[in-house]
């Protein structure tokens, strides 16, 4: 009986432990791409992501930031939102002008490509961190740190001259500080409140197996497809029993059109070693009921196995207690 109680406790711990979901954070990341074909032709486009969801876009042909979600304005009033958009319009105009002036002063050759990544992340307890990075021709050259602009270690020498000029502009530096330290965390907090249901949604993955192109004579490429899951973090491994196959090659996690994700994991094995292999999928939406697909077509779920074990253990406990009670009753009758 003690052994049965131990097994029951173990099964419960397995079920509870596998259902733990780490706390998620949702950084706001604003991305900007600016192209300068020459001194007279320029284009700047932008978009913003909150965690894994795209929330805003800004076309070069528009003066208005487009909201892609019903809750994209967060808890900002219409006046606050319009003020923020006005700041962005001034920023885009100033950015274009300044780049042209720097190109002339530093004798940079067209075409020019600049990328900007800026935003913030709000943590529990209202703590936050922020970032503002600038890349030139695809390579990071400078960032905003605290109260001023600083070059990266790999930045060209001319970046130091540009930073000297930028740091002399006190109004711009103070505006950047205000946006990063105050406005951004406030805006993100409002987005998290307004978009809570969509941000915290859980969509279960679907998984299937296939055979990929042969890696060579006598070998198989086993492919495990996992699609339609949200949020993005997922764990996929080829297994032999409970042993992870370290040669599993996961691909990139790619977006689907419906804002869910797709991943495939491959394993190159000898044809005679494919039997007994399985693909295991862990995701927060499964609540501990991992998907296991066996090479050869069978399917099972760890959660169902745990439930079956629990049911059997409970049945054995009931039978054991009932049998013991009957024996005690019969002994009392004899006495």
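For all residues, glycine too, the Cβ spot is worked out from N, Cα and C.
Among the features that Swiss-Prot reports, signal peptide is placed at 1-19, with the record citing sequence analysis.
The topological domain 'Extracellular' annotation in Swiss-Prot covers 20-301.
Positions annotated as N-linked glycosylation site by Swiss-Prot: 38 (among others). Every protein chain shown contributes to the tally, and the Cβ of residue 38 (N-linked glycosylation site) ends up with 11 other Cβ atoms within 10 Å.
Here Swiss-Prot flags 60 (among others) as N-linked glycosylation site. A coil conformation is recorded for residue 60 (N-linked glycosylation site) in the three-state DSSP classification, outside any helix or strand. Cβ neighbours within 10 Å of residue 60 (N-linked glycosylation site), excluding its own Cβ and spanning all shown chains: 13.
Per Swiss-Prot, the feature D-galactosylceramide binding site maps to 98, 169, 170, 171, 172. Residue 171 (D-galactosylceramide binding site) carries a helical DSSP state (H, G or I). If you draw a 10 Å sphere around the CB of residue 171 (D-galactosylceramide binding site), it holds 7 other CB atoms from the protein chains shown.
What Swiss-Prot lists as N-linked glycosylation site is 126 (among others). The DSSP secondary structure for residue 126 (N-linked glycosylation site) is coil.
Under 8 Å, Cβ to Cβ, and six or more positions away along its own chain, residue 181 (N-linked glycosylation site) finds 128, 130. What Swiss-Prot lists as N-linked glycosylation site is 181 (among others), and the listing cites sequence analysis.
For the domain 'Ig-like' (185-292), the mean pLDDT of the prediction comes to 96. Per Swiss-Prot, domain 'Ig-like' is recorded for 185-292.
As annotated by Swiss-Prot, transmembrane segment applies to 302-322.
Annotation comment: Swiss-Prot describes 323-335 as topological domain 'Cytoplasmic'.
Here Swiss-Prot flags 331-334 as motif 'Internalization signal'.
A C-beta separation below 8 Å, combined with a sequence spacing of at least six in one chain, links residue 98 (D-galactosylceramide binding site) to none of the other residues. Here the recorded positions are 126, 172, and the one whose Cβ sees the fewest other Cβ atoms within 10 Å is 126. Within 8 Å of the Cβ centroid of the D-galactosylceramide site, not counting the listed residues 98, 169, 170, 171, 172, the chain contributes 166, 168, 173, 175. Counting every protein chain shown, 9 other Cβ atoms lie within 10 Å of the Cβ of residue 170 (D-galactosylceramide binding site).
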